[in-house]
Every structure is written in C-alpha cells, then in structure tokens.
Amino acid sequence: MTVATHFRTGYIAIIGRPNVGKSTLLNKLLQQKISITSRKAQTTRFRINGILTDQQTQYVFVDTPGFQTQFINRLNTAMNRVVTQSVQDVDVILFVIEALRFDQRDLAALKILPEHVPVILVINKIDRLADKNRLLPFLKEVGSAFKFADVIPVSAMHKIQLPELLTTIRQYLPENPPLYGEDEVTDRSERFIAGEFIREKLFRLVGDEIPYSTSVVVDQFKQEDGVHKIYATILVEKPNQKAIIIGKKGEKLKQIATQARKDMELLLGEKVYLEVWVKVKSGWADSESVLRNLGYE
Ligand SMILES: Nc1nc2c(ncn2[C@@H]2O[C@H](COP(=O)(O)OP(=O)(O)OP(=O)(O)O)[C@@H](O)[C@H]2O)c(=O)[nH]1
C-alpha cells in the first residue's frame, strides 16, 4: 500500500442503546456483512472489529454490545463491562440514537462514556423523518444532555450522509500509518463469525418467543478437503424454548442452519458443512463457567 502523508489511523467505538442501528451502520460503512443485525434488540453480544481503509485513513471500528439497563443478571453486567472497557482507549466514539427518540435508556448509555474521548452524535434513521423541521428542536434537546464534539444525521440503511460521517470521524483520528492490511475487514476469527451468523438467523426466524439469554457455542470448526466443518450448539434455558427452535419436524432448526450455512459459504468462499444442536442449559446466563466459555472474563 502506498501510504499518503498525513495518513490517519484510529479506533472508533459505536455506542447506543439496543436497536438504534449500530450493526447496520457498521455493515454499511464497511460495505459488507460482518456484524449481525436483526429487528430484535440485543443481538450483538461480543465486540467485533471492522476495518475500513481508504487512501488517507484507516478506520478501525469497535462494535459494542447493546447497553443493557433493563434486566440485571451476571451476563448483562459482563456485557456492560465490555462496553465500558471498549470505549476507554478509542480515539472517537459514535453515539448512535434514532431520529426524534431520546429517552432514559439513551441517557443511561451516555453515562458510561469517558470524559476524555470526543463523542460524535449520530442521529440514525432520518429516512423515517416525515417532517425534517422537527430535527432542529430535537438536536437542541439532545445537545443539552451532553457536550458532543459533532452531530451528524444519517440513514445507515439508505447510506445517507455516510461519507460525511467518515470525513467527520477522520478529523478525530491521530496521524498514524495503517495498523492492518488493506484487505482486512475484521480481526475476529471465522469461527466467531460463524457463531454470530447462527445467532442472527435464530433471532430472525424464531422471533420474540426466544429470550436474549439464548446463546450459540461453536464446538468445532475445522477445514477438511476444501470443506469447512462446523458443529455448533444453541444453548437455551427451558425445554419449551428448545421445542420452539427445533420446530415441527425439525423444520425451524433446518431453516436456521441452512440460512446460516449459506452466509458462511459466502464469507469463506468455500463449501460449508454445518451441524447445529439445541441443548437446555438451565440458568446458564448466571453461570460463571459458561460465561468464561463464551469469552467473558
Ligand atoms: N428505517 C431505518 N431502519 C434502520 C436504519 N438503520 C437500521 N435500521 C433498522 O433498525 C433495526 C435495528 O438495527 P441493528 O443494526 O440491528 O441495531 P443495533 O443497534 O446494532 O442493535 P443491537 O445489536 O441490539 O444493539 C433493524 O431492523 C434495522 O434494519 C435506518 O437508517 N433506517
């Protein structure tokens, strides 16, 4: 890569309450699917780095889990700790909210932000805004709650104002040569992303009947003769949840696995053999050893 003078490289955290569009924003900025999205809140449980490199800038995105204020258990406490940790060392924070929506949960998310890092307010979903005149008073209201370094209204989904957002972010990144290769988009393992794909399908296809406490563990991930063999387990808390996920004659689970496999084949560029099991593990969201297995300290 020819490195331009004044090349900038830095870390960017994306923060905001569940469902405001953080994953969509990251995916659209990276122009490919890495983080997972769903209509259901709280689908991003782990931190994922997305990397975007252009002629002058390397943007290293740190995606964070949805900040949980509603239910307190060990898992959510661990997740909030991940959010808090991930914003300490970044160069700039994107604080994402939805246009015309700013409530107690957004305020709670603002409280975990460190004082020494500049925060850009990103107002997402402006495509939904019928009356653009309502944006100005809204900006005033939100602006009085926190000292934002900048404000950018965007539509992640429709890619409105995303170049402007990148230009703004760049201003807050330090002059540094790139840290990662030009073609790298994430430093998360393929194994990890495979688990995320299954989780996304689970949330999309099973809908509201499945609680956020459900998790996916990738038991085996190996490559043999040009085929990726992936064995995964969906952990649920109750037998009736297991029945819902499996569905009539196993149809639901088959659908989840087929769609996840197709996404994995696209990502890996190779054939994938995927086996998914569902297991009941009562109270796992409060069990320390399972949390450790899932990658939390
Ligand atoms: N209309 C509209 N919808 C959007 C936009 N951006 C995201 N969405 C939708 O909002 C919902 C939530 O988006 P996500 O990207 O999963 O939200 P998130 O903040 O990452 O959610 P968590 O992972 O739960 O924290 C999805 O249905 C998206 O399609 C946008 O610009 N306009």
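Every residue number used here counts from 1 along the chain in the order it is shown.
In case you wondered, yes, glycine gets a Cβ from its N, Cα and C as well.
Where the annotation comes from TrEMBL, it is an automatic prediction and has not been curated.
Residues annotated as domain 'Era-type G' in TrEMBL: 8-175.
Positions annotated as region 'G1' by TrEMBL: 16-23.
According to its DSSP assignment, ILE126 (GTP binding site) is helical. Around the Cβ of ILE126 (GTP binding site), a 10 Å sphere holds 19 further Cβ atoms from the protein chains shown. Annotated GTP binding site per TrEMBL: 16-23, 63-67, 124-127, in sequence order.
The region 'G2' annotation in TrEMBL covers 42-46.
Positions annotated as region 'G3' by TrEMBL: 63-66. On the 0 to 100 pLDDT scale, the region 'G3' (63-66) averages 55 in the predicted structure.
Per TrEMBL, region 'G4' is recorded for 124-127. Using a Cβ-Cβ cut-off under 8 Å and counting only residues 6 or more beyond its ends in the same chain, the region 'G4' (124-127) has close neighbours at 20-21, 24-25, 96-99, 135, 153-158, 160-161.
Under the heading domain 'KH type-2', TrEMBL lists 206-282. Residue counts of the domain 'KH type-2' (206-282) by helix, strand and coil are 33 helix, 30 strand, 14 coil (DSSP-based).
Filtering ASN19, LYS22, ILE126 by Cβ distance to ligand 1 (under 6 A) retains the following binding-site residues: ASN19, LYS22. Each of the binding-site residues GLY16, ASN19, LYS22 was scored by the other Cβ atoms within 10 Å of its Cβ; the lowest score goes to ASN19.
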